[in-house]
C-alpha cells in the first residue's frame, strides 16, 4: 500500500468528492491535495535541511487534515495538539519534541512556546501564495520515518511521545480496510479528537478509500440536540468511537437504523465493549456489523478484531477483543519471562510491524517498554490477558494505568499533579468501576492548611489548579478528604484497602 498516493488518486478520480465535513465547513479531495501540496512546498522552502516534527494545533477544523498531510509530504512527522490540552502540557510537548514550528487551525492561547507559530491567516496566505506548487515526492515521509507522534499520559508527570512510522500506519490501514471490509466512498464518523489515536482508525481508512469524514466536536457532544441533528444529516456508514460514546447515543430512542439507514460497520476501540451495549446496537442496527478491537497507541491504534454477533454475545459475558492481524503476533508473558500456555493469564506483548519505534527523546522509557523478539519490534503493553483458540481476552491493567471513557491515563501522573496543588498534603487516585469498566476517578486527599469553610469550596480551588495542568478527562469527578492515607507494611499506599473503604 502506498498511502499518500492512494489519497492523492481521489483528487484526480473524484476531485469534487467531499473529504472532510465539520459543521458548515468542508473540503474536497481536490482542495485537500492543492492546499496540502502548497503547505508542503512552503515547509520544504522554509526548512530545507530540517526534519523536526511539527505541532498541529486545533480541534476538528478541516485545516487539521490539510496540515497533517502537508507535514508528511514535506518529510516531517506531525504532532496533533487538541485545543482542550492545558497550556502547561502543550509547553512540555513542545520542549520534549524539539518542534520548531506550530501550524494552527485555531487561535493559539498558549504563550511563550519555543516554536514559530503559523496562524490561521498565515495558513490561508500560504495556501494562496504557493497554490500550484507541488512538493518533491522524494521528501515525503516513508519507511521507518515517523509519520505522526501522539503524546500519551506518563507516570513521571511528563507526557510520552509515541512515534508511529509510515510503515506502522500502512500496516494498520491495510489491515483495517481489508479485515473490516471497508468500501469505496463511505461516510466515516470522526468523533475522537486528533490527539487521541482512535481518530487514526477513521482518518486514514477513509482517505485511502475516497471516503468522507464527518466530524463531531466536543460542543456537539455536550449538546445532544445538536449531536443528533448532525447525525441525522450525516448518512454515516462507518462508525468509529469508544463504546462509551455509543452507549451515550443509545440513550436517545431515535438512535437507530431509522436515523442512520445506511450504517454498515461499527468499529470500537479504546476501552471495554460491554456485552449489553453490543446487544442493544444489534437490536437498533440489525443490518450493521459490530467490530470489537484492541490495541495500545504504541502498536498503532489496534491489532486485534472480532465480529460481534448474537452468538458471540451469548457465548461470552465479557467479550473477547479479537484475533490478531496477520502480520503481527501476540505473546502472553508470565512473570518469570516465559510464554504462558493457552488460557493462562499474563502480560500481553505485541510483536510485529505495527509496533512503535519508541518514545521520542526518552531512551530509558523506551528500553523499559520495547524490545526485539526474533528480529521484530515488540511492545510490552502492561495489559493483562490470555489467548484461547486464537482469541485474545483483555483483563485490565497490570499497573495503575487505566482507560476511562476511551482515554488512557496513568494514575501516578494525576497524583503527581494533585500533590503539587495548594492545599494538598497527600493524595491518591482511586478509579471507580461500574460493571466491567471504569466510570469515574475519585481523589482521596489529605488536605493541607486552608481557610475554606466548606469542602466543596476546597474542591473547587483544587480543581481550578488541576485544570491548568491536566486535560479535563483526567480531572477526578469526586473528592474525599481524610486525615491520612493507609499504607501497607512495606510503606506503599494500600490501594486495596482504600478501594474497599470508598466502595463499602
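Cβ atoms are placed via backbone N, Cα and C, with glycine included.
What Swiss-Prot says about this protein:
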type	residues	note
BINDING	152, 153, 292, 293, 294, 295, 296, 297, 383, 394, 395, 396, 397, 492	ATP binding site
BINDING	197, 301, 492	D-alanine binding site
Using C-alpha atoms only, work out the spacing between residue 395 (ATP binding site) and residue 197 (D-alanine binding site) and round it to an integer in Å. 21
Residue 292 (ATP binding site) to residue 301 (D-alanine binding site), Cα to Cα, whole Å, comes out at 13
Would you mind sorting out which of 294, 296, 383, 397 (the binding-site residues) have a C-alpha within 10 A of the one on residue 197 (D-alanine binding site)? 296
So among the binding-site residues 197, 294, who's got the most Cβ atoms within 10 Å? 294
Which residues does residue 301 (D-alanine binding site) neighbour through Cβ under 8 Å, counting only same-chain ones at least six apart? 172, 176, 197, 198, 200, 201, 269, 295
Go through 152, 292, 395, the listed binding-site residues, and name the one with the sparsest Cβ surroundings, counting other Cβ atoms within 10 Å. 395
According to DSSP, which of helix, strand or coil covers residue 197 (D-alanine binding site)? helix
Other CB atoms, at most 10 A from the CB of residue 296 (ATP binding site): 24
Counting all other Cβ atoms within 10 Å across every protein chain shown, which of the binding-site residues 383, 397 scores highest? 383
Determine, from DSSP, whether residue 296 (ATP binding site) sits in helix, strand or coil. coil
